[in-house]
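Chemist: Quick one: the structure is below, and I'll ask about it shortly.
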2 protein chains.
Amino acid sequence: MGSSLFENLTDADGHAHVVSISVFVAVLCLCIVIGHLLQENRWVNESITAILIGCIAATIILLWSKGRSSHILIFNEELFFIYLLPPIIFNAGFQVKKKQFFHNFLTIMLFGVVGVFVSSAIIAAGSWFLFPKIGFVGLQARDYIAIGTIFSATDTVCTLQVLHQDETPLLYSLVFGEGVVNDATSIVLFNTVKKLNVSRLKGWAAANVLKDFLYLFFISTALGVVAGLLTAYTLKALYFGRHSTDREIALMILMAYLSYMLSELLHLSGILTVFFCGIVMSHYAWHNVSENSRITTRHIFATLSFIAETFIFLYVGMDALDIEKWKMSKTSFGTSMGIYSTIILLILLGRAAFVFPLSALSNYMNSKTERVLITFKHQVIIWWAGLMRGAVSIALAFNQFTYSGVTWDPVYATMITYTVIVVLFSTLVFGFLTKPLIKVLLPHRAMDKNQRPERRQNDSPKEDAANLPLLSFEESATTNIVRAKDSLSMLIERPVYTIHRYWRKFDDSYMRPIFGGPC
Amino acid sequence: MGSSLFENLTDADGHAHVVSISVFVAVLCLCIVIGHLLQENRWVNESITAILIGCIAATIILLWSKGRSSHILIFNEELFFIYLLPPIIFNAGFQVKKKQFFHNFLTIMLFGVVGVFVSSAIIAAGSWFLFPKIGFVGLQARDYIAIGTIFSATDTVCTLQVLHQDETPLLYSLVFGEGVVNDATSIVLFNTVKKLNVSRLKGWAAANVLKDFLYLFFISTALGVVAGLLTAYTLKALYFGRHSTDREIALMILMAYLSYMLSELLHLSGILTVFFCGIVMSHYAWHNVSENSRITTRHIFATLSFIAETFIFLYVGMDALDIEKWKMSKTSFGTSMGIYSTIILLILLGRAAFVFPLSALSNYMNSKTERVLITFKHQVIIWWAGLMRGAVSIALAFNQFTYSGVTWDPVYATMITYTVIVVLFSTLVFGFLTKPLIKVLLPHRAMDKNQRPERRQNDSPKEDAANLPLLSFEESATTNIVRAKDSLSMLIERPVYTIHRYWRKFDDSYMRPIFGGPC
């Protein structure tokens with residue numbers, strides 16, 4: 001009796017599948033409700049809530065099954081990379097304030113690309129030097145390089161939940177942009193160094209890493225842009241007199257997903273592709289659909305991203321109690337604490353080593369223009385925002401140290417538990433302190449003044465914002481045309497600004513008439 | 001070089017996964033675009049388009065891989081029952097016109113429940129009697145009973161695409177309602193008879209089937225209603241001064257999915273649960289969320305259902321060219337043609353055997369009330385609408401005749417190909433004729449008169465519709481109160497009508513204040 005087809009389909013295994021999906025979905029619902037209730041809370045945020053609920057759920061499951069069934073908790077990389085990461089990254093591209101992002105493009109790239117290289121080098125060298133001294137041996141040279149990239153992938157969700165896009169646009173844009181570029185860079189770098197023949201490392205190897213990296217970066221971006229433009233053109237061409245909301249929404253969702261899968265299929269970086277696909281779709285395709293499609297797509301992408309993020313943190317929380325890996329680890333308590341401290345210390349150092357110098361460089365480049373500079377307080381916040389480690393670190397660690405989520409090597413099992421612990425510690429402790437820290441560094445509303453020292457006399461924040469070149473780019477672009485007589489000298493002095501202006505002209509004259517957009 | 005993590009994760013198998021997802025998503029996009037272009041076409045509809053494109057895609061893949069790789073085409077029951085069916089059924093419940101559905105509840109149940117029993121019995125007995133005569137042997141008694149339920153699961157999508165809810169509300173409601181109830185009944189019945197010990201069939205067995213069936217039906221419905229009410233209450237209770245659109249949408253999606261999974265977990269009928277969950281959610285929960293959430297949920301559920309339906313038909317089209325099963329089948333061409341004809345004939349007969357008698361019964365029950373009767377032309381359309389066989393038949397056939405999608409028994413492999421052929425044939429040939437048939441039986445706009453003979457004098461279709469008790473149920477309910485002095489005699493004469501009136505009173509006084517809804 002009963003219509004449970006699963007039972008007949010795949011026996012006990014299939015049934016376990018249904019059980020774990022049910023448990024996950026139920027706990028997800030709980031997370032959403034509790035997250036909503038705690039939204040105004042001073043300390044916790046959604047990530048911390050989800051991790052804690054995950055830990056509690058895992059404890060209950062462990063007690064329930066009397067310590068046997070930790071099978072439900074195995075981290076599934078395929079799930080993560082095929083189903084959870086794409087919506088998060090696509091939504092980031094779809095909702096990004098494009099003007100801000102491209103206006104600060106050079107600085108974001110400095111932090112997101114150069115920063116990962118610096119941080120990876122420091123963490124890899126530091127762990128290679130320090131781990132054996134503490135008493136943790138057994139790792140190869142390629143493992144240390146992998147550890148460098150694994151612990152350079154940041155998770156800026158915590159910080160973004162606290163910052164406000166309208167109050168501190170530059171800061172928000174930098175933290176957000178770096179977060180996305182950092183994830184992509186870490187994954188690309190991880191895969192590039194994984195293919196290296198470490199035993200014959202020569203001077204050319206570093207150059208090759210850079211070459212491969214740049215190739216991947218540009219081809220992946222181009223694929224995303226092409227996918228986005230194709231969607232925009234299809235939606236524009238299909239609209240002859242009647243809209244079909246369901247088809248429009250379906251096409252946007254499917255094309256976004258297709259761009260990611262195609263990119264992975266071609267051995268490119270799906271994360272970069274889907275990010276730029278999101279940007280192009282929101283710039284062109286979104287304007288070709290009906291009003292209802294616009295509302296639906298905007299909210300459904302945000303919702304999917306929200307569910308995926310909550311799911312990941314829940315997963316991390318549950319995975320922390322995978323007792324099999326705990327049992328397998330053979331290192332003593334003292335050694336373990338030493339390793340944790342070393343990794344945390346290296347993360348703090350590795351990030352400080354690029355945030356402050358690169359901020360100074362960015363300020364120097366922008367000092368000749370009217371652009372806003374990065375104050376020291378903002379530098380501290382940028383540094384802090386990237387201290388948290390998240391799901392990407394875990395996924396990369398599983399990729400490096402397990403085979404399909406399982407490992408029998410005690411050293412590798414230890415590395416997995418270390419990664420999980422570092423992610424938990426950084427998210428819980430650093431995440432816990434984020435809200436108070438930002439409250440101290442940026443007292444509410446006062447931050448308007450901190451960020452724009454040159455306009456301090458203007459006190460109305462709203463009017464102030466409207467007059468800033470940073471926010472109303474079109475207006476300043478047109479009023480500045482008089483000054484921009486010598487285009488060549490401008491291109492040298494303010495390259496991004498000038499490129500942006502020419503791009504807008506090109507966009508208005510050629511791209512928008514073909515692919516759609518606000519007229 | 002390359003960031004394809006899949007490659008490292010799961011080797012060749014994982015990579016094949018990415019390839020097949022990419023191919024499917026790309027072909028899905030193509031289906032959507034072509035479906036949009038062909039929307040005004042006289043003959044084809046979306047299902048036929050998807051099946052044909054699936055066949056073409058499968059041919060290309062077969063030629064490309066030189067006949068080797070039919071692996072990509074294996075029908076995955078888990079995918080179907082865990083991911084594709086729930087959104088379709090939930091959306092059906094969410095978008096159903098509840099007044100219409102409940103107003104015609106008895107007739108819908110007659111067609112959807114009693115009809116499946118009659119049709120299954122006829123097809124099972126017919127195939128048991130005829131198959132050996134044609135020369136197809138090797139099936140057991142339980143296989144014949146399974147064949148009965150497999151070929152009783154209808155697919156009314158084709159017909160619903162042609163009918164218009166506003167022009168023929170009674171017909172639309174009956175075809176739609178029967179379609180959903182029929183799917184649920186077939187699946188429940190299939191699972192009930194599968195557990196029977198056929199070798200010791202006694203008189204009590206039939207009674208047991210009925211008992212199990214009723215138990216499943218009511219418990220599943222109750223679970224769906226509870227899940228819907230819980231969601232509505234949570235959304236209402238959480239709203240204190242601020243909306244959080246993403247959380248609201250996420251909660252509705254997740255709770256709907258949870259109700260399905262829980263039902264399957266408890267060995268109930270997930271399809272019934274999720275259908276009633278959809279009805280309750282659209283009646284209560286939908287009114288507790290922000291305007292944007294309402295637009296988004298309405299469209300996203302429709303879109304997901306649309307994608308799932310297209311996916312299924314594409315799948316059926318691709319599965320038709322699974323050469324491995326074709327090779328395994330050992331029956332001659334003549335026998336095969338005989339079997340196809342027999343099954344098609346039994347489907348036509350089995351459906352006629354209950355549509356016309358039950359319509360007459362329904363008309364007899366309604367003859368004393370003011371309700372609209374089912375004309376003969378409408379009976380023909382209802383009969384025709386249920387001739388198509390779809391994904392549920394395929395899924396049940398795979399469940400009965402394969403183990404995890406694979407079979408080595410030539411007789412069973414033959415049954416699978418027969419099922420696929422019957423689904424293809426019925427969808428293509430019957431589906432092809434649906435639009436012309438309905439055009440002939442219901443000339444455009446004239447159908448208003450056909451359907452409501454008692455109001456033929458009123459020629460303005462819009463005003464006509466507004467005055468009909470069928471459409472404006474609340475108004476007629478209040479104006480009829482004067483006449484309804486003797487409630488007991490009314491309950492006997494017009495049971496559904498009276499129950500509905502009491503239900504509305506209860507709903508307005510108790511349910512809506514607690515769970516939300518229009519005031």
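Every residue, even glycine, has its Cβ placed from backbone N, Cα and C.
Relevant sequence annotations retrieved from TrEMBL are reproduced here:
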type: DOMAIN; residues: A:29-439; note: domain 'Cation/H+ exchanger transmembrane'
type: TRANSMEM; residues: A:16-38; note: transmembrane segment
type: TRANSMEM; residues: A:50-67; note: transmembrane segment
type: TRANSMEM; residues: A:79-96; note: transmembrane segment
type: TRANSMEM; residues: A:108-131; note: transmembrane segment
type: TRANSMEM; residues: A:170-193; note: transmembrane segment
type: TRANSMEM; residues: A:213-233; note: transmembrane segment
type: TRANSMEM; residues: A:268-287; note: transmembrane segment
type: TRANSMEM; residues: A:299-318; note: transmembrane segment
type: TRANSMEM; residues: A:338-359; note: transmembrane segment
type: TRANSMEM; residues: A:380-399; note: transmembrane segment
type: TRANSMEM; residues: A:411-433; note: transmembrane segment
Chemist: With pairs closer than 6 in sequence left out, are the transmembrane segment (A:50-67) and the transmembrane segment (A:380-399) joined by 3 or more CB pairs under 8 Å?
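Modeler: These two stretches do not touch.
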Chemist: Within this structure, do the transmembrane segment (A:79-96) and the transmembrane segment (A:411-433) have 3 or more Cβ pairs under 8 angstroms, counting pairs 6 or more apart in sequence?
Modeler: no
Chemist: Have the transmembrane segment (A:108-131) and the transmembrane segment (A:16-38) got at least three CB pairs under 8 Å, pairs 6 or more apart in sequence?
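Modeler: As far as Cβ distances go (cut-off 8 Å, pairs 6 or more apart), the transmembrane segment (A:108-131) and the transmembrane segment (A:16-38) do not touch.
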Chemist: Please give the sequence-distant neighbours of the transmembrane segment (A:338-359): residues at least 6 beyond its ends with Cβ less than 8 Å from one of its Cβ atoms.
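Modeler: For the transmembrane segment (A:338-359), the list is 107, 110-111, 114-115, 118-120, 122-123, 126-127, 130-131, 134-136, 151-152, 331, 374, 378-379, 382-383, 386-387, 389, 418, 421-422, 425-426.
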Chemist: Can you work out which residues elsewhere in the same chain, 6+ from the ends of the transmembrane segment (A:79-96), have a Cβ less than 8 Å from its Cβ atoms?
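Modeler: Sequence-remote neighbours of the transmembrane segment (A:79-96) are 176-177, 179-180, 183-184, 256-257, 260-261, 264, 270-271, 274-279, 281-282, 297-298, 301-302, 304-305, 308-309, 311-312, 315, 391-392, 395.
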Chemist: Give residue numbers and ranges for long-range contacts of the transmembrane segment (A:268-287): same chain, 6 or more residues beyond its ends, CB-CB under 8 A.
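Modeler: Non-local partners: 81, 85-86, 89-96, 98, 101, 180, 183-184, 187-188, 216-217, 219-221, 223-225, 227-229, 231-232, 235, 252, 255-256, 259-262, 294, 297-298, 301, 511-512, 515-518.
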Chemist: Counting only residues 6+ away from its ends, which parts of the chain sit with a Cβ under 8 Å from the transmembrane segment (A:170-193)?
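Modeler: Same-chain contacts beyond the ends: 89, 92-93, 96-97, 100-101, 103-104, 107-109, 111-113, 115-117, 120, 142, 145-146, 149-150, 152-157, 159-160, 163-164, 209, 212-213, 216-217, 269, 271-272, 275, 372, 374, 378, 381-382, 385-386, 392, 396, 399-400, 451, 470.
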